[in-house]
Amino acid sequence: MTRYVFITGGVVSSLGKGLASAALAALLQARGYRVRLRKLDPYLNVDPGTMSPTQHGEVFVTDDGAETDLDLGHYERFTGLPASRADNVTTGRIYLDIITKERRGDYLGATIQVIPHVTNAIKAFVLDGNDDYDFVLVEIGGTVGDIEGLPFFEAIRQIGQERPRGSVCYLHLTLLPYIPSAGELKTKPTQHSVKELRSIGIQPDILLCRCDRPIPQDERRKLGLFCNVRESAVIEARDVDTIYAVPLSYREAGLDREILAHFQMEPETEPKLDRWQNILERVRNPEGEVTIAIVGKYTGLKDAYKSLTEALTHGGIANNVRVNLEWIEAEVFEREDPAPFLEGLHGILVPGGFGQRGAEGKIRAARYARERNIPYFGICFGMQMAVIEAARSLAGIEGANSTEFGATAEPVVGLLTEWMRGNELERRAAESDLGGTMRLGAYKATLGADTKIAQMYGGTEISERHRHRYEVNMAYRACLEAKGLRFSGTSPDGLLPETVEHEGHPWFIGVQFHPELKSRPFEPHPLFKGFIAAAIDQSRLV
């Protein structure tokens with residue numbers, strides 16, 4: 001029998017439901033159980049693909065091309081299990097599907113209502129395709145009391161009534177704030193949050209309480225009494241110094257044991273957490289450190305680069321060093337000399353982005369790295385800007401630019417209008433909608449056998465995830481390669497450039513894909529592993 005754990009949040013947003021879900025999944029997985037993670041997002045966007053990264057954070061792209069919530073990145077990194085478009089749904093997607101069916105006449109003239117039609121669609125999503133799993137963990141985005149979330153809470157309430165007795169658990173993540181003047185953790189916000197949850201028919205079975213200090217026994221007893229949960233089900237979720245300590249912290253607090261006790265399951269084995277302990281040891285006790293500059297467009301919200309920062313951490317774990325990050329807004333380099341900002345740093349990374357704002361700053365960062373032999377890693381937009389820099393500075397193409405920024409006589413980067421997905425030809429036009437129309441998901445690439453990037457991968461055939469609408473123009477390949485910028489990887493048909501590298505430079509690599517999306521703490525991506533290794537070499541020269 002498949003068992004369902006619904007993870008809700010209260011008191012404040014951004015408590016870390018995604019991390020809590022991923023950590024619990026890792027603990028259950030370490031006990032030998034088969035686990036699936038899913039996310040319900042109450043916003044009206046069909047997906048986060050057109051949302052501003054400074055509001056919502058990064059868009060996490062799956063192998064099958066879904067643009068999803070960044071929490072799915074946590075799920076993948078903590079469990080190693082690839083997510084798919086079937087693991088994330090929004091209110092917008094639910095409503096779009098229902099309205100499409102209504103227009104088609106599928107409801108045979110019925111009046112379409114939130115209950116039962118919307119709630120039934122949510123339930124169908126949650127319950128579909130779970131027969132092969134022991135546990136399905138479902139995170140509900142937002143906070144209890146948000147009006148947008150009401151249909152989702154009603155749907156999971158109904159699932160609790162309709163599933164066999166003992167097959168559903170409601171876990172509520174909440175906050176116990178510490179008031180210095182009172183000298184104590186306050187339980188009242190949690191009590192009110194649970195009251196709100198109970199008012200819509202859901203009684204939490206477990207309270208996972210975020211706090212910055214131990215919960216006194218009296219406060220546990222009070223929470224158990226007023227929230228109607230067992231005292232043992234009041235679980236402490238202490239703040240930790242790194243997210244990779246969360247599974248071990250939850251294990252120590254007894255979260256996985258309480259989950260099994262709720263389902264009346266006898267633990268078959270103790271969780272095997274050696275690899276988590278090894279990772280934590282490397283994170284907390286590095287043998288050195290390097291500093292990497294991230295020259296980006298959305299540096300005001302670090303979650304806009306969540307997978308990127310984690311992949312850099314993984315590269316540090318692989319090389320047993322701490323990776324310090326220097327965040328630099330790309331627009332700064334459009335009005336100031338990059339040298340004072342980049343001097344003494346050990347590597348420069350220019351990540352993906354969209355639009356003209358900050359583009360010239362990224363180009364100047366690429367030039368600084370090339371001229372001073374500093375390790376450079378350009379991802380997606382960062383690769384495109386590096387190619388434009390080479391076209392202008394090395395090939396003498398003064399007007400080199402991207403058509404993304406407007407009409408240009410030298411379209412070194414242009415709109416991608418046709419590409420192969422497997423055996424099928426996909427097409428896009430300039431007037432296409434923005435949502436869901438990019439080159440999305442996993443695509444294969446072929447690398448040159450004698451290239452630096454092939455050495456890092458350990459082979460010439462790779463598959464990586466993409467999210468882009470523009471592409472480097474292959475018409476400029478010959479003149480750029482003549483100046484030392486090698487097109488070191490292409491699509492299997494040879495039509496689309498996938499990677500470039502400067503010959504003669506210690507480490508200057510650009511990739512059109514997003515390697516950060518496939519990096520794991522236990523399997524650091526080879527490019528991030530190589531980039532940090534190059535940064536270590538650079539640190540010895542500074």
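From the backbone N, Cα and C atoms, a Cβ is placed for every residue, glycine too.
The CTP binding site annotation in Swiss-Prot covers Ser13, Asp146, Ile147, Glu148, Lys186, Thr187, Lys188, Pro189, Thr190, Gln191, Lys222, and the record cites sequence analysis as its basis. Marked as UTP binding site by Swiss-Prot on the basis of sequence analysis: Ser13, Lys186, Thr187, Lys188, Pro189, Thr190, Gln191, Lys222. Annotation comment: Swiss-Prot describes Ser14, Leu15, Gly16, Lys17, Gly18, Leu19, Asp71, Arg238, Asp239, Val240 as ATP binding site. Among the features that Swiss-Prot reports, domain 'Glutamine amidotransferase type-1' is placed at 291-541. Look at Swiss-Prot and you will find Gly353, Phe381, Gly382, Met383, Gln384, Glu404, Arg469 tagged as L-glutamine binding site. Sequence annotations record features per position, and here Swiss-Prot assigns active site, nucleophile to Cys380 based on sequence analysis. What Swiss-Prot lists as active site is His514, Glu516.
According to DSSP, Gly16 (ATP binding site) sits in a coil region rather than a helix or strand. Sorted by the number of other CB atoms within 10 A, the recorded positions Ile147, Cys380, Met383 start with Ile147, the lowest. Most Cβ neighbours within 10 Å among the binding-site residues Ser14, Thr190, Gln191, Gln384: this distinction goes to Gln384. Among the binding-site residues Gly16, Gly18, Asp71, Gln191, Asp239, Met383, not one has a Cα within 10 Å of the Cα of Glu516 (active site). When pLDDT values are averaged over the domain 'Glutamine amidotransferase type-1' (291-541), the model yields 92. For the binding site of ATP, formed by Ser14, Leu15, Gly16, Lys17, Gly18, Leu19, Asp71, Arg238, Asp239, Val240 according to the record, the largest Cα to Cα distance is 20 Å, rounded to a whole number. For His514 (active site), applying a Cβ distance below 8 Å and a minimum sequence separation of six or more within one chain yields Val61, Ser307, Gly352, Ile379, Cys380, Glu464, Arg465, His466, Arg467. Of all the binding-site residues listed here (Ser13, Thr187), the one with the fewest other CB atoms within 10 A of its own CB is Ser13.
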